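Down below is the structure, laid out as structure tokens.
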4 protein chains.
Amino acid sequence: MPRRQTLRRKPAPTVLLTGFEPFGDDAGNPSWDAVQALDGARIAGHRVVARRLAVEFGRSLEQLRAALREVEPVLVICVGLAGGRAQLSLERIGINVDDARIADNAGAQPVDVPVVEGGPDAYFSRLPLKAMMLAMRRAGIPAEISQSAGTYVCNHVLYGLMHALRAKPRVRGGFIHIPYSPELAARHPGAPSLPVDTVVQGLRIAVRTALNTGEDIRVPAGTTH
Amino acid sequence: MPRRQTLRRKPAPTVLLTGFEPFGDDAGNPSWDAVQALDGARIAGHRVVARRLAVEFGRSLEQLRAALREVEPVLVICVGLAGGRAQLSLERIGINVDDARIADNAGAQPVDVPVVEGGPDAYFSRLPLKAMMLAMRRAGIPAEISQSAGTYVCNHVLYGLMHALRAKPRVRGGFIHIPYSPELAARHPGAPSLPVDTVVQGLRIAVRTALNTGEDIRVPAGTTH
Amino acid sequence: MPRRQTLRRKPAPTVLLTGFEPFGDDAGNPSWDAVQALDGARIAGHRVVARRLAVEFGRSLEQLRAALREVEPVLVICVGLAGGRAQLSLERIGINVDDARIADNAGAQPVDVPVVEGGPDAYFSRLPLKAMMLAMRRAGIPAEISQSAGTYVCNHVLYGLMHALRAKPRVRGGFIHIPYSPELAARHPGAPSLPVDTVVQGLRIAVRTALNTGEDIRVPAGTTH
Amino acid sequence: MPRRQTLRRKPAPTVLLTGFEPFGDDAGNPSWDAVQALDGARIAGHRVVARRLAVEFGRSLEQLRAALREVEPVLVICVGLAGGRAQLSLERIGINVDDARIADNAGAQPVDVPVVEGGPDAYFSRLPLKAMMLAMRRAGIPAEISQSAGTYVCNHVLYGLMHALRAKPRVRGGFIHIPYSPELAARHPGAPSLPVDTVVQGLRIAVRTALNTGEDIRVPAGTTH
């Protein structure tokens, strides 16, 4: 009698999405709300794993590196809140400097210190930004390319992510900034916003496009200054 | 044999909401999409009637006046698109001038002519703006007071509405500007937006608050310049 | 012996310019610096008189009305600082409401009270705004039409001025907002500015154009919303 | 009789400043006007040499490298126009990408190609940005740190400059963006501006501070996103 063959399905490759804990006095953080909504989702044959990072220089990167080791993703997209921006912002580059106007959630305020001592000045994102931007726009999600992720914890995480991936050329990674949710914008007169549902829809498209695109397409999306 | 008594229920008082047709090349106009979604709705014991106005100087006001005669509303809120604004903008005042940078949908471009020859320089909105703003914010809808509705068709309609209501002191009326929908903003890099669903939710709150508020509350919402 | 005839030259007609005292913590106020620089100047056969107003609801208007009685100008231009604006802003209209986000220099913070109890909702400026705007631009001075002077002391003064002039149809009057000086902008990262010299040059052109223009020219300078 | 000894004074060390030719339809370019005004000036014992660059990808860098060879400066500051910015912007970093929304003066429009094939992703400016910013502000010149020089010819020149200086660690170099002149802003309603005189004064301070500062001071001037 033949032995029953064990059918072990190979586990699906994973996508790591990260969001941030609330910053300062804010009750919530739409970056985590949006990412959490996709935890466990299947997109283009991949399984999404969502993780929450601290709004802290240093510790955010320790958490990210631990998640990279554990999840072994083929694609990483870190997501952060950019209060005041109006569209999903696909960040082009992370730079090797922390320059904090205000303290982080642990009270640290580094000024003009490198994210990684001795690291290169910057790392480009490895996401197919233009293809992602166009795919989101086609679906009616406002999206743009951003030339600067700032010099705070978001840029810190983007630079640290790309530094961590420097020896893994086949893993794609990058950062997306999102606007306030309407609930947060209601407390900031004049500030633009997008509902978390719209952001979730945009991130789903972003992940699918990043997984399905080889070389990025070339359409202009720069700035003159 | 007693005559069967006709039970005629008194019809519910009405609220008139107006939106605009698409402007120029745009495929749609979220002001009409939002208002249309409320056509026939019951809010605080009132029945909502939605009407669409032309993006034309002159004709928009003829349509509005016809709707006022027909619907006999106790409350009128005209709604228009303000591409570039980020929040629902409750307009404080309409001014007696047309000054068009671009032609309207009929090709007219009036410059520095009055909306109503011989009319007063301006009319304040009669809506309880501060109460409406706070009610929307409490529900997580971004809302603000605006000190100018511009000098185009939207201001034309606001001024014309208040002029039409000058002899009806008990009818409340005013104007709300809304942001792009995400679909329209996706074609305008950097432009803020709100989904039509969020706008509908905001208008519902606006109508209910206007119906339920006597004298407006006094909270600061002005600008220094 | 015949009495020596007194040869009394008829005094030149006057132009009244007003600026404001410093607001809050600011060391100076470029609106007063610019206006003061023109005190005593001769422009198009007229003599300029400069007066400084308090940044206070109520008292600013008492000072303005006293100056009107004393100076008996044929033209009045009130000038105020609009930190954050980039160009000389020719205000189109003053509205009958005070709505202060912050207290004035005397600690008062009126909210939703009329400038003049029982006054009309608004008064248009009586300056030839378009001719002034074009004359400044031709001279390389950035200038624009503004549809709102806000709801603070500047609008208070504009509305109060036009109310005071309601029975003097031949006296022209209005309000111009100016940007920060570079010195003030140096303390506000990102804020636009113009040197006081440039503002003085612009005001000189504004006065000359207002004196030499009959009916204003019609060029579009409105806003769509 | 001894021959009169020729006293050859050692020539002063040089500072290279560059500006740009007019772009597109513009009659002039304030970056060149400002830089040209300093040509031949003595600042802190150094002689200023001004050179004009083409608004062209590629050729601008050939001209810059030729000037570097010829002038052998100890300090290089390239200056460019950033229409829409309000302050002198000290650029923090140049990135290795050209992404042009519009064609340059030669009709080229590169999209997502590196400035230097195989070069690192970015180079930080070597100027003491914070000391320069504070010195300008103390003198009443509006100044700020910028995290992105864009992806057009200005960034192209900044990246190319720092690449050219990579083997000359003692030569300092960087880039400053300047606002419109009032003359140019007069044709762009709402756009901020600074007179060329103010810019010249700011550049003079920038050069002196860069020459006199060793290690930069650390004050926060970053952005949260």
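Cβ coordinates come from backbone N, Cα and C, glycine included.
Taken verbatim from TrEMBL:
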ACT_SITE  A:Glu91  active site
ACT_SITE  A:Cys154  active site
ACT_SITE  A:His177  active site
Notebook entry, point to check: About how far apart, in whole Å, are the alpha carbons (Cα) of A:Glu91 (active site) and A:Cys154 (active site)?
Noted result: 10
Notebook entry, point to check: What is the separation, in Å, between the Cα atoms of A:His177 (active site) and A:Cys154 (active site)?
Noted result: 8
Next item on the list: Report the same-chain neighbours of A:Cys154 (active site): residues 6+ apart in sequence with Cβ closer than 8 Å to its Cβ, ordered by sequence.
Entry: A:Cys78, A:Gly80, A:Ala82, A:Phe175, A:His177
Checklist line | Other CB atoms within 10 A, centred on A:Glu91 (active site) | finding: 26
Notebook entry, point to check: Going by DSSP, is A:His177 (active site) part of a helix, a strand, or coil?
Noted result: strand
